[in-house]
Each structure stands twice: as structure tokens, then as C-alpha cells.
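Copied from TrEMBL, the annotated features are:
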- 1-61: domain 'Lactate/malate dehydrogenase N-terminal' (DOMAIN)
- 63-226: domain 'Lactate/malate dehydrogenase C-terminal' (DOMAIN)
Amino acid sequence: MTRDDLFNINAGIVRTLSEAIAKCCPNAIVNVISNPVNSTVPIAAEVFKKAGTFDPKKLLGVTMLDVVRANTFVAEVLGLDPRDVNVPVVGGHAGVTILPLLSQVKPPCSFTPKEVDYLTDRIQNGGTEVVEAKAGAGSATLSMAYAAVKFADACLRGLRGDASVVECAFVASQVTELPFFASKVRLGRTGVEEIYPLGPLNEYERAGLERAKKELESSIQKGVSFVRK
């Protein structure tokens, strides 16, 4: 199933659910995990704007699965436990819009150009790898559930008032010229309390960022147009 197929199925569902949220619990923090997240988050935003309930701090697209995969694949290359690795993954949540910032991995490390190509490709195409492993009979399930719980837990810790709860998420942002972008955010009692800049990027990442933005722009507009049509 392609992202276009997912859009055709999920766009209407997300719109309907967002309309119900705007009516019944307009102050809720909303985490959107329905794919394609690059389009469904803008759909939810447009519905909330129409209802007069849009709060950019309380609408988050869940991109945690990209981070989980990035941490896992990088840990394999480095010979470390994935729990000890943190890879910022920015941009969006599909294909080339998924941009792992391998120059900012913690703990600090370096990769050969071949390793950078391998890791970037595998992180961007992790979902396809799962579909192929299942011979087309399904997509990521357990890993998606794990990522959803991990992100929901981070939001709950933020709501509780825990300090320094930082995760990557696809949110309304001014990090780039696009209206939505995934980057590190600090979660708190009001939802997104701080959006962090990308930090220094190397040449490889800057080129990847330009490719990601081009794809993201059309995906975001597709979601906006779905509600405004």
C-alpha cells in the first residue's frame, strides 16, 4: 500500500476525528500517528482552525518510529545498545523527508561516507523493509505500537511537569520556511513548550534537507487542500 493509498483511506478518518475533538475536547493534546503524517497533521490543523480551536502547541505528528529505527540501526553499526544511542531525525515521516542527522549522534561518533549512505537509506526505507519481509502481507505493527507508547509516555511525563522531556515530532514550526516540520521539541504541561533549531548540518545533510523540504511542501499542501476544497 502506497502513501497515496493511505491518504485516500485515512484523510477522511482524520478529518472526522478532528471535527469530534474540536467539538468535544478542544483543549486536548492531539498526537497524530495515522499515515501519511506529513499530510494528516495539516488536515487536523485545518479542521481545528475552522473550528477556532487550533493551538499549535497541542498538535503533534508522531515520528518516533523513525527515531527508534535510527537508534537501532546506528547502534548496530557502532556495536552499542540502542538505548544508549540518540539520533535526531528531522523533516517529515516518509521517504526522503526522513532526515537522520548522523553528524549529531550521541554519543559522538563518525561514519564513513559509505556508512552514511547505508544508514540514511535504511532509516528512510525502514517501513518498506518490513513490508518486503512480510511479503506484502502487512506493515510495521509491533514497532509502531512501541513508538506510539514511547511518545505517549513522553507527552505524559511532560504533562506531569518532568523537566527536559525532549523528543522529535512533526509540528507547526518556524525552523524552516515550511508551516510544519519535524525536529526536536521540549514537551511540557501545555504540549510543545520549545522547538529546537536544527543545529549545524554537514554538506550531506544540507543537501538532504533541500530534498526533504521539496517533498514535504507538496505533502503538506495536499493535506491543507483536502480540507479547504
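The backbone N, Cα and C atoms fix where each Cβ goes, and this holds for glycine too.
Curation plays no part in TrEMBL annotations; they are all automatic predictions.
Per DSSP, the secondary structure of the domain 'Lactate/malate dehydrogenase N-terminal' (1-61) breaks down as 40 helix, 6 strand, 15 coil. Confidence for the domain 'Lactate/malate dehydrogenase N-terminal' (1-61), expressed as mean pLDDT, is 96.
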